[in-house]
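Chemist: Annotations per TrEMBL:
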DOMAIN    1-166  domain 'Major facilitator superfamily (MFS) profile'
TRANSMEM  23-43  transmembrane segment
TRANSMEM  55-73  transmembrane segment
TRANSMEM  79-101  transmembrane segment
TRANSMEM  122-139  transmembrane segment
TRANSMEM  145-162  transmembrane segment
TRANSMEM  188-214  transmembrane segment
DOMAIN    188-382  domain 'Major facilitator superfamily (MFS) profile'
TRANSMEM  220-244  transmembrane segment
TRANSMEM  256-277  transmembrane segment
TRANSMEM  283-305  transmembrane segment
TRANSMEM  317-341  transmembrane segment
TRANSMEM  347-368  transmembrane segment
Amino acid sequence: MAGETLVATTLALALQERGSGGLAVSGLWLAATLPLVALAPLAGRLADRGDSRTLLVGIGVAQALVCAALAFVTAPVAVIALVAVLASGLAITNPVFAALVPSMVTRDDLPKASAIGQTASMIGMLTGPAAAGFLVGAFGTRPPLLIGAVTYLAIAGAGLLLKTRRGATPEAAAAAAKTAWTLRGDGLLLATFLAFGAVVAGVGGVNVVEVFFIRDTLGASASAFGLVTASWTAGMAAGAWVFAKAVRRYDDDASLVRALLVLLGSTCVPVVLSAAAPGVWVVVLLWLAGGLLNGGLGVFSTVLVSRRVPERARGRAFAGLNAAANGGAMFGYVLAGALLGPFSPRALVLGFGLAGVLAVVAVAVPVARAIRQERVTSVAVA
């Protein structure tokens, strides 16, 4: 994650310094996100049917070469195209890693393993942009991109070092292909994924608006804006550990889904409250609380998918979850960009927060219906 954010921040700075304009920067972020959504069905099947070691090693090396090429490319169109190739690799490696974790640990240790992974990601998200800013300022854009290329080799290294493998034999790949599981066939999981995407859309919209809200509306400094951004990420790292213990209380899927929906709605509440904040320090505290709740979502969703989805179909399931999150984020980015002119930042923060809460309320009905249907089916089978 540190390498990904290092590269993304470096490229954004490079485009800005070359006078490429907002359209090029917008295209950069779109190229980094769209493949994660568009390739989800293919990526999920590859994660389930392919040899995880071969996928991680091959894609890791390919991404390192692409990132190294970015260090010597200046044309915005070429940069955006290469970023799309990088993101296509991530679309595959993300579900591969996610599906490996439940196979590597026991059911009791899964929440802790999820918290460790999320904490590592949050540390990367905090350090990557800071390192990019320092390196670009001191040495220009080429050195940080070459460093980023080396970090992608860590994916290949992980593929070689991990003892656990999925799809390593033709028999395993064939069994995965025959596993009768679809997201549409699991109403409970489908409704949860849709709610997840809707909430991420709201949070994604706030990510676009917050710089204007903090700097212009509240009149805070650039340092204060950095503190606000870091506070949500820090809250997520702490929340992963808090909720890794709490998730053990939910033994059945129905109660786990209800708790997940409560977390989804609660994550939006600090965003709603921040719209009335008189100063930046109130926002920092609210962002810490929101990040804390957001951190629980990663743990709860990992446990839910691992419980409900057969082992040989987890790559598809995690690819679907990633697509819901990234698709929601993309929608939020575009919507926020379109609304920033007609509406004030404070109004948009309030609107996006309320939209997330209302989305969870709306999806509560199909979730309740799916829970009742499962209970009826269980009784009939018994």
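Glycine is treated like the rest: Cβ placed from N, Cα and C.
Help me picture these features in the structure, burial and contacts included.
Modeler: In the predicted model, residues of the domain 'Major facilitator superfamily (MFS) profile' (1-166) average a pLDDT of 81.
Below 8 angstroms of C-beta separation, residues 8, 11-12, 15-16, 76, 79-81, 83-84, 86-88, 90-92, 94-95, 315-316, 319-320, 322-323, 326-327, 329-330, 333, 337 of the same chain, each at least six residues beyond the ends of the transmembrane segment (23-43), sit close to that stretch.
Sequence-distant contacts of the transmembrane segment (145-162), counting only residues of its own chain at least 6 positions beyond either end whose CB sits under 8 Å from a CB of the stretch, comprise 2-4, 6-7, 10-11, 52-61, 63-65, 67-68, 70-71, 93, 97, 100, 104, 135.
Same-chain residues lying 6+ beyond the ends of the transmembrane segment (188-214) with a Cβ under 8 Å from its Cβ atoms: 220, 224-225, 228-229, 253-254, 257, 260-261, 264-265, 267-268, 271, 280, 283, 294, 297, 301, 304-305, 308-309, 317, 320-321, 324-333, 335-337, 340, 345-346, 348-349, 352-353, 355-356, 359-360, 363, 366-367, 370-371, 374.
Through the fold, the transmembrane segment (317-341) approaches residues 26, 29-30, 33-34, 36-37, 40-41, 43-44, 47, 91, 94-95, 98-99, 181, 183, 189, 193-194, 196-209, 212, 301, 305, 308-309, 348, 351-352 of its own chain, all at least 6 residues removed from its boundaries and within a Cβ separation under 8 Å.
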